[in-house]
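Record features (TrEMBL):
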{"type": "BINDING", "residues": "B:C38, B:C39, B:C104, B:C133", "note": "[4Fe-4S] cluster binding site"}
{"type": "DOMAIN", "residues": "B:38-147", "note": "domain 'NADH:ubiquinone oxidoreductase-like 20kDa subunit'"}
Amino acid sequence: MSTDTPGSKATPPEETRPDAPSSAVPEAPAAAPTDPAAVTSGELDDAGEVVEGEAVGLAELAESPAPALEDQARGDLVATRQGLFGNTDTGDTSGFRGLQVSVVIDVPTERPYGGWFDEVVDILAEVLEDNGIAYGAAVRKVVVDRGELTLEIAREHLVTVCRLLRDEQDLRFDLSLGVSGVHYPEDAGRELHAVYHLRSITNGPRLLRLEVAVPDADPHVPSTTNVYPVNDWHERETWDFFGIIFDGHPGLARIAMPDDWVGHPQRKDYPLGGIPVEYKGATVPPADQRRSYR
Amino acid sequence: MGRGIEEQAPGFALGAIGDIVGLARKASMWPVTMGLACCAIEMMATGTPRFDISRFGMEVFRASPRHADLMIVSGRLSQKMAPIVRQVYDQMSEPKWVLSMGACASSGGMFNNYAIVQGVDHVVPVDIYLPGCPPRPEMLLNAILELHEQVKKAPLGARRDEIARRVEAAALAATPTHAQKGLLA
């Protein structure tokens with residue numbers, strides 16, 4: 001499947017890209033740039049052309065291994081799917097069974113990013129260097145998608161990056177819109193993401209997104225409440241629903257679920273927890289057990 | 001000249017004291033202010049002049065459960081809210097009634113999941129169930145009028161306890177819904 005399309009160009013030289021998550025952050029386990037689950041087969045060497053939710057190819061037989069990315073730096077392989085509609089128990093009459101889909105998100109963007117994005121990233125790199133932090137160590141990846149700028153930040157530098165984004169005169173991202181969580185159960189080593197949206201009122205209506213990826217086995221992210229006090233309840237909510245532990249939070253208690261709740265309901269593997277519905281003369285299982293939805 | 005009632009021959013009206021009490025109770029109900037979700041919007045609409053719940057002597061929603069004797073559970077009841085609803089119910093003084101308004105309050109409705117109590121009768125005893133998603137104010141008025149009929153006929157004292165025990169025993173011995181033979185089975 002090595003078609004010669006513009007999207008399937010060779011891997012860009014790592015040293016030319018300051019944001020390459022290759023060797024800059026030695027201590028964080030989340031930094032693992034080469035996803036071991038993704039590099040096993042190497043079936044799909046042109047995964048760079050894959051965009052979100054698009055089908056990679058048809059007519060792959062069911063026995064063939066799932067397509068994999070050869071390099072984490074080309075994006076996050078967050079799901080591989082086969083067939084349609086979760087139909088696995090009956091014969092295939094549609095021909096869709098051979099369909100294989102790889103969902104790759106957050107493919108790093110090359111410069112120029114466009115608009116004010118370059119300026120903001122340049123200034124951030126400058127003030128990071130002034131504070132003794134290598135730009136590549138703090139900013140793992142820059143993604144421009146659908147006209148929005150996303151910076152993936154190493155968690156050990158998150159608070160510093162937030163403080164610089166808030167305080168630097170030319171940045172002044174003075175408003176945090178909160179913290180969200182995302183769960184990618186198939187993105188090994190980077191299962192949990194904390195997402196921050198920052199708005200600059202001073203320097204025009206600029207909106208910036210920070211993303212921090214941590215492994216499920218070590219779901220610790222430093223709290224940003226000292227920089228953005230508004231993130232207090234948002235971090236509690238993200239802890240409640242996703243189980244991301246925000247170190248340094250003044251009181252990381254559950255906020256939406258009861259205090260004695262077990263588990264984190266917004267994770268993909270959390271069961272829906274429905275009960276059978278009784279009708280007159282019949283019982284219908286809860287929705288999540290009737291069939292497998294995708 | 002017509003004569004006043006005091007000049008008429010004394011008349012008699014025979015009946016149980018419970019009839020009088022029931023009449024008085026049903027004509028002066030005090031709902032507690034407790035909206036849980038979208039059904040509460042319809043409940044508030046019921047209090048507006050267009051639907052005019054005051055025709056039935058209950059236009060004032062009390063903010064304190066100690067002043068109220070009717071709890072309209074309007075909306076889905078989350079697991080976290082359940083102890084609070086029970087506390088509100090416990091703070092209401094006897095006699096008190098519970099109206100389960102809408103599909104979610106009655107059975108969990110569309111929220112068949114971990115977060116929602118599958119029917120408020122898991123938490124408080126329900127006197128009347130009102131289906132709908134959400135029910136129109138007219139439906140809520142109808143449910144209230146049906147509840148008034150129940151209240152009017154409700155027995156007093158020891159007889160009330162005995163009837164409640166019998167109702168519970170009958171409910172426990174009843175065939176479960178899924179074992180009933182109906183159109184589906």
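The backbone N, Cα and C atoms fix where each Cβ goes, and this holds for glycine too.
Per-residue confidence over the domain 'NADH:ubiquinone oxidoreductase-like 20kDa subunit' (B:38-147) averages out at a pLDDT of 92. Considering only the binding-site residues B:C38, B:C39, B:C104, B:C133, the Cβ with the fewest other Cβ atoms within 10 Å is that of B:C133. Those residues of the chain, other than B:C38, B:C39, B:C104, B:C133, with a C-beta within 8 angstroms of the mean position of the [4Fe-4S] cluster site C-beta atoms are B:A37, B:S74, B:G75, B:R76, B:M101, B:G102, B:A103, B:A105, B:G109, B:G132, B:P134, B:P135. Secondary structure at B:C133 ([4Fe-4S] cluster binding site), as computed by DSSP, is coil. Residue counts for the domain 'NADH:ubiquinone oxidoreductase-like 20kDa subunit' (B:38-147) under DSSP (helix as H, G, I; strand as E, B; rest coil) come to 45 helix, 16 strand, 49 coil.
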